[in-house]
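As recorded in Swiss-Prot, the features of this protein are as follows:
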- 110, 111, 112, 113: (6S)-5,6,7,8-tetrahydrofolate binding site (BINDING)
């Protein structure tokens, strides 16, 4: 099959790589334009563009795709069979969806129609979903509304964060995509639509995974401990707080159970009324902080200007005192 691959972040690389190594032909890659990503305002290529360059694949990085007649005509001239889209970053308009002979196909990192949109992995972690997965869908004009060809579900482990779950889903996306492309090749002359499943027949709630905003990264100590824990995992490694005027990225915490709270070794400060207050500083355990519900132990963090530190190192570096506050 002659394929044009659309993608931008690291997440897309495993899918492009597996297709390159297959018997299919990647005739071009479309990615987002180079962007200023460093303090020196240097233009940096997307991970997919950099990977495609190493593979000597023709690359397009249009500033816009809607009503871009020269670009659309260029795509038509390539006579491709399929568009494969993995985290490209823009919704493809109808005039582009209609170009490939056998449709545009997308691997979406959620159990659709749950978490349609830009940040499905983050929101599945943020909301404490027990399962997630990957769906291969035939793209339509709506936001992740297409009919599904394949789907596979995986359990979200308690230890998963954004990095680990993204890696798992990236590998799963690649595996399912190759399976889907092989199926499409074998069934070129058959009615594919009869093999597809409409999302509204799956009995799942429609939810939307909006883009993560700068304000989302702030830890709200007035929230429930479990929600704080989920946020830290979902936004790893960028969830942050403020201590004595310095930014502190929180990488790992533990929510104390009721039995642990009663454990005499913690000697928690008891006469507190506000969240975000330091309840105890215990050398071999860590810094214990109040929330709306249960206290949490700060296990791993990155202090502004320093490397990642674990609990004992954090105590040495921050020199915190019981009764001080972390600010959101």
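Each Cβ is built from the backbone N, Cα and C atoms, and glycine gets one as well.
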Taking the recorded (6S)-5,6,7,8-tetrahydrofolate site as 110, 111, 112, 113, identify the other residues of that chain whose CB atom sits within 8 Å of the mean position of the site's CB atoms, giving them in sequence order.
108, 114, 115, 116, 120, 133, 135, 144, 199, 202, 204
Cβ-Cβ neighbours of residue 113 ((6S)-5,6,7,8-tetrahydrofolate binding site) (radius 10 Å):
20
Test of understanding: give the count of other CB atoms lying within 10 angstroms of the CB of residue 111 ((6S)-5,6,7,8-tetrahydrofolate binding site).
22
If I restrict to non-local contacts, at least six residues apart, and a C-beta distance under 8 angstroms, what lies near residue 110 ((6S)-5,6,7,8-tetrahydrofolate binding site) in its own chain?
116, 120, 121, 124, 132, 133, 134, 135, 209
Tell me the Cβ contacts of residue 112 ((6S)-5,6,7,8-tetrahydrofolate binding site) under 8 Å, same chain only and six or more apart in sequence, or just say none.
135, 137, 144, 148, 151, 199, 202, 204
